[in-house]
Each structure stands twice: as C-alpha cells, then as structure tokens.
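Notes follow the structure.
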C-alpha cells in the first residue's frame, strides 16, 4: 500500500490520510482491539488452567461442608416448611436430586420468582443445544476451507467469506437460529402467562401476606384525599361496597425513627450484658464519664434498663403525637361538606399531586361552592404536612382490585393513579414510600441520562485500565514483593480484561445505592429491576462500544474521516473477537459458578463469628449479620447469565463455536442456581416473575443484534446476495420482537378481569383483612420482636454451656430491626 505506515501493534498498514487525521490511536489502541487480535487457542487454554486453580478448592469446600445447615442449607432454618427433605448424600448426588425433582416441587420450594429464573436457565440450555447442533456441520465446512493449521480463525466464517456456496452454510445457520429462538421465546411466554395469572389471583403463594393480593398502592393522591376516610370514600364511590379499608402513608415521623435506632442499639447492648452476667456470674460494670476527667462505675444492666425505659417512654409519646395529628386530619375528612362533595368525585380529579386547582376545570355554581367549602374544611396545610401522596386501598374481591390496578382513575395528568405492582409489605422500602412520584421520576431521568452518557464513553474506563496495566504497574512492580511480581508476570496480558471485569462487578452496588437513597424507589423488586436494566446497558457497551471504538464520539469521527477503512478493520476483527467472549464464558464456568456454589464469603463470615464470639451470641445475633437469611439479588444475577445468550446469538453466523461453551455454562448454571434457590436463598418477597419481561427483551434484542451484525459483516465483505438473505431473518427478528411484546409481555403486570372473576367465584371467602396492615413499621407498638427460626446442631453448638470468664459486653452484632 503506497503512502502507508505500519502500526506498532502489528496491524495492517494504515493509510496516510487516516493517520494524518490523528485518530488512529483512538480507534485501535485505547480500546481492547490491540490484544483481542492476539488471542487464540493458547489463550483459551491458559484461562481455563488458571481458572481451575481456585475452582477445585471451592468445589472441594462445597462437597466437604454442604451438610452444614447454617452454611449451605439456611433455608431449612428460616423456612422449615418449604424445602427439599434431603441433601442427597454422596459426591454430586445433589445434582441428580435436582434433576429428578418435579416442577411443582421446584416452584413450591423456590417460589415463582426463583422458578422463573430456573426456567430461563433451561431456555438458555435449549437455545445453546440447538446452536451447538447447528455449529457441528457449519464448523466442519469452515475447517474444510482452512489451511489445516487449526488456528482459531479456521473455525470462523472468515475462511469461507470468499467461497460463495460454503458461505451459505453460515447464512442458513442464522436463519435456523433465529427461527428457533423466536419459537422458544413464544413457548416460554405461553408458560409464563399461566404461572403469572395464577400468582396474581392465588393468595396461597405467599401465606404471610395474602392481603397484598387484594390491595392497590395509589400515588399522587390529591390533598383533599390525603386521609384514610377520604381515600376510602373516594374508592367507595368508584367501587360501591367493595372497599375494606384505606391507609395514607404518613409523611413526617419526626424523631421517631432516630429514637427507634437508638433504642435498638441500647437493647442490643443490654442483651449482651445479660448474656455476660449469665456466663460470668458477676454483674457487669458501666463506666460513666463525669466532669474534669473523673468517672463513676455503676451496674451496667440497671443503667441500660433505665435508659431503655426512657427511650420507650419517648417512643410512645412521639407515636401518640403522630396518631393525634393523623386523627385531626381524619376528623376533618369526615365533615359534612366533604361527604357531600364526594357525591361528585370528578371534582377531585381537578387536583393533582400538589393540590393546585386546575383553572380550566369548571362546573355548576353549587358544586364549586361545595368544593371550596370542603377544601377549607379539610385544611390542606395539615393534610400535606402529616400525610403523604401515597396510599393503600384494600378491596373485598379480586375483580375490583384487578380493575383498580389497571384503570385510569383520573382524567387529568399528574393526578391520582394506581400502581400495577402487588404491594407486599416485605417488598416495600418504607422509608421511600412517602416520597413524591413526580420527584422520583425527575431524579430517575437525571441519573439514567448521566449513566447512558458514561456508557457511551466506555473508552475512558478502558483507557484507565490499560494505563494501570501497561504503564503504572511496570513502574511499581519491580519494587513489589516476589509474589506480586510473579502474579503480574502471569496475568499481565489479561490484566486489562480483569480490571474491566472487576469494575463491572462493582457497578451493581453503585446502581443499588442510587436507586434506594437518591432516586428513592418504593419497591425492593423495582430497585433490582433498575439495577438489572442498567447493568445490561453496561454489558452491551462492553460488547459493542469497546469492540467498535470505545466511544460514540470516536466512532463518528472515524466514520467521517475514513469510513470504509474503519468498517473493514472492524469486519476483520469480529471473527477474532469471539475468543475474547469465549474466555469470559470460561471464567464464568470455572470461577463465578464455583464461587456461588461454595458460598465462600458467607462461609468465611460465619466461621469467623462462630470461632471468635462463641457463647457470646444472643437470639438476635443468630438471625442477623452473618446469620441473616441470605437473599437472592436477581438484579445482580440475571445480567451475567443472560449475557451468555447474547454472546452466542451475536456470533451465531460469525463463530458458531461459541455455542458449545454457552451450553456448558447454562447446564452448570442451572444446577448451581437451582441448588442455591432450593437450599440456600430465602425469598423476602414474591413478585411472581417481575424480571421475566426484561430477560425476554434482552434475548429478543440479542437475536436482532446478531442478525444485523452478520448482515453488516457480509455487506462489508461485499457478499451482497448473502447479505440480503440475512436481511430476512433480521426483519423476522424485529417482527418477532413486536409480536411478543404486544401479545405477552405488556399484558401480565396485572391479573386479567376474566381470571380475577373466576378466582372470586371459586374462592370460598377472602382472607381476614387488617385495616392497619399498611401502617408504617416505625409505628409498630411491639418493636422488640425477633424471628423464631429452626436451630440446627451447629447453631446449638454456638449456644452451648457458657465458659466462665469475662468478655466485652458489646460487639456490635445485629442492631437491626428484625421482627418475630
């Protein structure tokens, strides 16, 4: 090539005109392209061998310790009625027990949310198995065209791109994979519809909160309805005789929550002091600091009991004051004028969340007079200060509840609206319940915009990781200890990948904090869904933006400067990039899954606490901290599993060899996570497959992205007839997306009226309702309750006969607000 220059990383010569533009380094160096082109079979072998080093000890630890209920079977302790009856003794026997368990038992033990997760792992197995079957003949055709060296490129479409009839094999593979993916997705949606509708109308699914099935959470309640009686009267007019009770969440609890936090700390210290007195036989002392550096020793237990009594009195006074203020609003809401105005509730629709009257709304003079007098009767200042814009309404029948969740309550924007989600108490984040929906949407939009912009500039993270591994580390490693230098010499080639993956592992915690403490979402499951969607955005950025150029801005500049050269380079890179994603799958199989199965971090925490603080643990300590019921965070787990499907579908035509690795991953993932959901994780709430929609959209989007990627690859290789043939499944994938979205996904947020009516007709009687069920936990008159749980032998060992001798009276265990 005349007038060209060679790049230092061994790439093909670059035209002078592109070099002169000053963006070559941005396109080919700051991203992962420089080391992706150097990957091959040897690198896969190295990754597998290195990953086996920690994998084997973790598997040995699991098989050695899995009989211990506290570590590997906590579900039997917290939910003794929901669990498999045996651990299936014998190496690997647990896997056969899971495979033989019927679906009914799996759903009963794991819950519907966990069972949906298992089904999606099965779907990944089916998609990968079909792709692996297709990959055998297609890969054989690829190898027949290679030079016999069996280098990795010989297993990709790169070797047959100039062979017309052999290239049709890859085109046929994309056709078959697309059709099978759409078929499997539709079948899974059919099954999910039945399970979802059953969940939404069956109270037995979560026995501890049947009232949530008959209840609706409403937001943007206008000031005139911010009272329990007023909200109930409003819905009574819409659903005569169907409303059991209504509750408006209190907006201001004053110092009550601070007092409760201090009380929990004092109670925790008192419990440990009593345990110390029982163990030592002597009364513990408390040092009280006086003026001028002097101090006084007093008996600790009476002193803490007196302090607890003072806090209890303060708590009762604050709660009484809150109830008094709430009662004032309720009395105002039951006045004569307000009752009369409710006879025409459309007036209330002219008020939004802020309570301002719509100047456009007009009516008869008498109605306006009644409205004006009723507003004066129910003082908006009192209602707004002490009552929030969020409420809960419980109905007598499922049909009324289903209609209320789906219906548009008000004809005006920014007015009262119902939340389609089932308001289960344990799923609610009570500190966020009183927050305004409008404010939450504004904060959510701001955070989402910032995160999207950061994802679009993904190259900044890769630049930092590359700088650390290639510039900063070589300067500081020579003075480091021998083991550090040895580790760097082994992993230096993979350090950028490892650093990027480490950042990806930390991002969900950042998203979780933003969703809870800044955006203030009201449901814990909603928080996990936000984490899921945002983590998927970053995963997609890691695939395409880091692969293409690392930055949208850099990509646009490159396309404007020399589009043909850049696109040709990217087309040449795609087959070689498959190695990188196969490496990621191997690391998931040999590192992520054994780490999950062995529960090495919870095991370490329990062992440290059990050995250092033996005989010093109270009843509360044994249900909190290291011993708290483990929760399965779906927003953290779903993205990594679904992305394996994405890898396989994107490289379906370019490198079908990805499919066998994906198949191995999903087979192992199903066994691992089924075992954890059946024996380990204790569901705090049940949303009935809330993550199914996002997962299916991801699979459909991956199918569409895979077709379009192969279509663009063929166009760049000037194989136009093959490209137009691939355009057909591309359009088919898009049509399938629209069909599945319209026919299945948007129809399962709430129970259908038909199913709800049928459930009411077949139900003997609705469950007993509690009109204070949705009262905020801070107002609970009994805050000292501790969960009663099963105590296996290893827990009894921690509560053995105490040894004589003093010890510190406070260790900081627990301090939470668990209830019995």
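Glycine is treated like the rest: Cβ placed from N, Cα and C.
Note: TrEMBL annotation is automatic and uncurated.
Database features, via TrEMBL:
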DOMAIN    45-187  domain 'CSC1/OSCA1-like N-terminal transmembrane'
DOMAIN    214-325  domain 'CSC1/OSCA1-like cytosolic'
DOMAIN    489-700  domain 'CSC1/OSCA1-like 7TM region'
TRANSMEM  44-62  transmembrane segment
TRANSMEM  127-145  transmembrane segment
TRANSMEM  165-186  transmembrane segment
TRANSMEM  446-470  transmembrane segment
TRANSMEM  490-518  transmembrane segment
TRANSMEM  543-565  transmembrane segment
TRANSMEM  577-595  transmembrane segment
TRANSMEM  642-674  transmembrane segment
TRANSMEM  694-716  transmembrane segment
TRANSMEM  723-745  transmembrane segment
Range from 44-62, 165-186, 694-716, 723-745 with most C-beta pairs under 8 A to the transmembrane segment (577-595): 44-62
Contact between the transmembrane segment (165-186) and the transmembrane segment (694-716) (3 or more Cβ pairs under 8 Å, separation 6+): yes
Which of 44-62, 127-145, 694-716, 723-745 contacts the transmembrane segment (642-674) most, counting Cβ pairs under 8 Å: 127-145
Sequence-remote partners of the transmembrane segment (723-745) [C-beta within less than 8 Å, at least six residues beyond its ends]: 168, 171, 174-175, 178-179, 181-182, 185-186, 189-190, 192-193, 653, 693, 696-697, 700-701, 703-704, 707-708, 710-711, 714-715
Confidence summary (mean pLDDT) of the domain 'CSC1/OSCA1-like 7TM region' (489-700): 83
For the domain 'CSC1/OSCA1-like N-terminal transmembrane' (45-187), the number of residues DSSP places in helix, strand and coil: 111 helix, 0 strand, 32 coil
